[in-house]
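Visitor: Provided herewith is a single structure, encoded as structure tokens, for subsequent inquiry.
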Amino acid sequence: CTAATHHSICPGLCTTMCMPPNMWKRTIKAENEVEANKLVNNYRFGFRKWKSHVTERPFEDRSEVVKELYSELNIIKPHTGHLITCGNVAYVLLFGWWVSLAHFLVSILMFITITGVPYGKLCWKLSCYFLWPFGKSIQECRFSTYTWLLLGYPPLVVIHSLACFFSWILVFTIPISKMNGRTLTVILLLPPEDVSARALLCCYHAVNWYYYKYTVDGINVFAVNLLPLVIVAIVIGYIDKENKYASSEVKFAIATGSIIPLSYYIGMGIASISAQSNFAVGAVVNATFGSITELTFYITALLRGHHAANPCLQEVVKAALTGTLLGCILFIPGICMIIGGLRHSEQRFNSRSTGVSSALLFISVGGVFAPTLFSKAYGNLVCDACSNSSTGNSSGPFVCHNCHYDLNNGTLFHSHVEPLVYTVSILLPAAYLIGLIFTLKTHSHICNIHVGEGQVTGHIGAVVHWSRWRSLLILIMATVLTSVCADLATEHIQPILNQPNFSQVRGRYASPVCSYASDLVISSGHSNISLSLFLEVGGCIAVQVCMLQIPVLVLFNAFYDVGFVLLFSDLHLWACIFSVIVVNYIFMDGKSDYFQGTALVVVYLILLALYYFAPSPAGC
């Protein structure tokens, strides 16, 4: 191989292009051994992709854009750009005028007290500053008085706290939050003097679009901002039982939204533990907690539906399971192909490695829907009501309503279908285990993932964001809170199910896109070969749903009967089978382009339209 045959692709991954497609090597690059271990686990079979770092990256190694995000506002730096920008003007309209007005009013109060005149001058300067702070600076001074702490400081605490909170929630205006926070904790607590010493506050831009990368203790700022939803959901869910202050629809939306940050914390905990442990421990943690969010929601929905004798919640669970399959089989690979195809005319991937996932996908979908096919082959079609459509003609055709296969009358279900369900639920996890052994042990050369020599750079003593014990504690707490929020979500979903257009709501339930789809989409355009990783991850998620999540639900129903029957409607059945056939046909040649990705997305949207316009299920 020559240097020209080597192509560097997305950060953390490189590929040797001169080898045959089935022998492509993936060499992990990482800052330290912990990050390397995390990256290896990301791309091993069945592990969820975790993009965030689990260790603290040395500040001096970060890019200038990232350094700017974490810089303090106490350094005066040379600035050559324009200060009149859309973000700065938006700051004046959203925050500047009322913060400035508050300082102006406090300055008048301080002048009235006579003894607070020095602080009146300070507030006047701050009033002018906060109206347009860009390019200006505040410097340290010396003096003291009690009048300020009693009359002037308290109202400004409220004003700056509000400005700090709202600008932090908007994320991209975090510089404004930093400015208000530093003013509240430093500037306003310093006694005013005319003698300057050093710069304390200097800001040039109110908005920085790169703050979507900002993290707090390794957690993305969006997940941090959504975490208070958990407290809000629990408080209004258990205190406002009579829905006096919030409707069931609002409570359901808040409870569902609160699961999003908890899922992020669970993912961070899994990644941290697996990165600091051997593969066996990482595999156990991933298998235990990897699907905990979905399983918690499914089990709480089944429990509540069983206690309320409401079959609709079981339909919601089945629709969510089917929707996850369709999203991971069609939507994720399709979007990855489209975005990657916009940068590359043709993308190639390791078809041998993807073929393993495809084979397991065929097995898993066939196993999950085997009881449904069996019941349709041997069950009796029973209808609730049939009437003669021809007036006065007894030999005319009959119109029947609410027809279904009767499995409860007779011995078909208990003697044949139920044993088949238990058999499938045992065979599917066994096949999943065999697939792990095949991919990771006996035929690991198919994926050929290893940490290259010399690729792990310095920083041997890497500092992890979360230790193993802290990660485990957060995992347990997040799991408990997830179960609580899932219980609240299923409790307040009933008004939505009672709507006459429930079929449309069910259609939306059938289209969940996995929480990590954004990371796959963002990364899909970085290289040709890395596409195979994303296709494998999407397929492995679907395999985990069929081979792990569904058998767990069947096992739970065996110990505590909640009425969960592994029988799906015709729409679920044929939608999943058709999707598996289509995606395997496209993956067959090991090549892809934006047209094939578009075909997958169009198929997904067609199936979504079918769910949207489908009639309500029986009994709902």
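One-based numbering along the chain as shown.
Using N, Cα and C of the backbone, Cβ positions are placed for all residues, glycine too.
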Visitor: Identify the transmembrane segment range according to TrEMBL, selecting from 295-318, 319-342.
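Guide: Within the set 295-318, 319-342, TrEMBL attaches transmembrane segment to 319-342.
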Visitor: According to TrEMBL, which listed range is transmembrane segment: 123-143, 354-374, 480-500?
Guide: 354-374
Visitor: Please indicate, using numbers and ranges, the residues of the same chain that are 6 or more beyond the transmembrane segment (153-174) and have a C-beta under 8 Å from a C-beta there.
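Guide: Apart from its flanks, the transmembrane segment (153-174) reaches 69, 87, 91, 94-95, 98-99, 102-103, 106, 123, 180-181, 183-184, 188-189, 206-209, 211-212, 214, 221-222, 225.
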Visitor: Count the residues of the domain 'Sodium/calcium exchanger membrane region' (252-366) that DSSP assigns to helix (H, G, I), to strand (E, B) and to coil, and report the three numbers in that order.
Guide: 99 helix, 2 strand, 14 coil
Visitor: If you count every Cβ pair below 8 Å, which range out of 89-112, 218-240, 354-374, 594-614 shares the most with the transmembrane segment (562-587)?
Guide: 354-374
